[in-house]
Every structure is written in structure tokens, then in C-alpha cells.
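Annotation source Swiss-Prot lists disulfide bond at CYS36-CYS75, CYS38-CYS66, CYS56-CYS76. Per Swiss-Prot, the feature signal peptide maps to 1-20.
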Amino acid sequence: MKTQVLALFVLCVLFCLAESRTTLNKRNDIEKRIECKCEGDAPDLSHMTGTVYFSCKGGDGSWSKCNTYTAVADCCHQA
């Protein structure tokens, strides 16, 4: 009985890890695929301006959101 419970637990953990990896890959694909524009400027990859992120980086106010694609994907630019 304990072996069966342990096997079921391991299967659940493996499923969760696989699902997390799939979700991460989908997010990375969106970041690579979507180019956004902030204030009419074309994307500037050297400063990551116009790149879609799932949250604008920098709690210090160095990044700000200029457009929203979905509830979780934002177009960000350096302030």
C-alpha cells in the first residue's frame, strides 16, 4: 500500500514539473514572438524597450508599463 501511494505521489510531482515546463516554454515563446511599441518607438532590444514581459521588472520604478496585451503580458520600457 505504501509503495502504491509513493508511486502515485511521484507521478503527480512529475506531472506538475512537466506542466510547469510547458507553461514556461509558452511564456518564452510569447516574449520572443510579440514586439510591442512604447510611445511610438520601435522595440530597442539593447535596453529591452518594447519587449513583452509577464511583469515589468524593477520595483524601483526603473521600468514602467506602457501597454497591456493580456492580464499577465505587459509591454514595458525603461523609465
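Yeah, the Cβs are placed from backbone N, Cα and C, and that goes for glycine too.
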Intrachain residues whose Cβ lies under 8 Å of the signal peptide (1-20), provided they are six or more past its termini: none
Spatial separation of CYS66 (disulfide bond) from CYS76 (disulfide bond) - C-alpha basis, Å: 6
CYS75 (disulfide bond) and CYS66 (disulfide bond), Cα-Cα, nearest whole angstrom: 6
Number of Cβ atoms other than its own within 10 Å, given for CYS76 (disulfide bond): 23
All-chain count of other Cβ atoms within 10 Å of CYS75 (disulfide bond): 21
Count of other CB atoms lying within 10 Å of the CB belonging to CYS66 (disulfide bond): 18
